[in-house]
Every structure is written in structure tokens, then in C-alpha cells.
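Record features, source TrEMBL:
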COMPBIAS  51-69  compositional bias 'Basic residues'
COMPBIAS  70-90  compositional bias 'Low complexity'
COMPBIAS  91-103  compositional bias 'Basic residues'
COMPBIAS  159-171  compositional bias 'Basic residues'
REGION    42-106  region 'Disordered'
REGION    151-177  region 'Disordered'
SIGNAL    1-17  signal peptide
Amino acid sequence: MFRLIVWITPVPAPAQAQAHPQAQAPAQAQVQVQAQAQAQAQAQAQAQAHAHAHAHAYAHAHAHAHAHAHAQVQVQVQAQAQAQAQAQAHAHAHAHAHAHAHAQAHAQALVQVQAHAHAHAHAQAHAQAHAQAQVQVQAQAQVQAQAQAQAQAQAQAHAHAHAHAHAHAHAQAHAQA
């Protein structure tokens, strides 16, 4: 705040001892005029000081309100930036978790596909080995059947030849007798 210092200049009192009674009247009027002017100047100075103090207080209050509004705007901007940063961090974490889950599901699907392909290849190899074994069994059975038929035919031919030779020898012996 500003302080107003008012100096009051004392007016020298008229020399009453030397003054004539008729000369005192203009001197008193002059003193009254000077006192009125001084009072008016003092009142004007006080009014100016009051107006100045009022203007200063208004400017101070205005500056305080402006600073308060500026601080509120700054706080709002900071809160908005913080909320935006939190939202971005949340979105980033959500996208990261989604990508991780997608990669994990993809890896699981790949493992399942590999296991299915492995099982399919194993079943195919097993079926192929089973078919080869069946072919071998059929071939062995065919060879055995052929060998058995051949042995049976040989035995029949041998028996037939033996019977024929026996009948021939019997007929010859009968003819000689």
C-alpha cells in the first residue's frame, strides 16, 4: 500500500503588537483564505490518496484473480494432460495384453496343428505298415498254398505211379502163372 505524507506549512501569525486594528482585518481574511486553500488542498490530497489506494487495491485484487484463474487453468491443463497420459498408457497396456493373448493363442493353435499332423503321419505310417504286413501274409499264404498244392500233386502222382507199377507187376505175375 502507498502511504501519503502531508506536510502542513504553518502560516506566520501577524504581528499583533505592531498591527493597526484596521490592518488586522485584511490579514485575518488572508489567513482564512490560506486556511481554506490549505484545507481544500489537504482534502484533495486525501481524496487522491484514497482513490490511489482504491485503484491499487483494485489492481491487486484483479492481479490476484487473474493469477488464481491462471493457476486454475494450469491445474486443469495438467489434470487433462495427466488423464490423457493415463488413457494412453491404459490403451497401450490393453493393446499389449491383446497382442500377447493373440500370440499365445496362435502358438497354441500351431502346437495343435503340429500335433494333429504328427498324429496323422503316425496313423498313416501305421496303416502303411499294416497294409505291407497284410500283403506279406497274403504272399506267404499264397506261397504256402502253392507249395502245398504242388506237394499234394506230387504225392498223388507218386501214389498213382506206385499203384500202376503194382498193378502191372500183379498182372505180369498172373500172366506167368
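The backbone N, Cα and C atoms fix where each Cβ goes, glycine too.
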Note to self: Can you tell me which parts of the same chain pack against the compositional bias 'Low complexity' (70-90), counting only residues 6+ beyond its ends and a CB-CB cutoff under 8 A?
What the structure shows: none
Check: Using DSSP, how many residues of the compositional bias 'Low complexity' (70-90) fall into helix, strand and coil, respectively?
Finding: 21 helix, 0 strand, 0 coil
Notebook entry, point to check: In the region 'Disordered' (151-177), how many residues does DSSP assign to helix, to strand and to coil?
Noted result: 26 helix, 0 strand, 1 coil
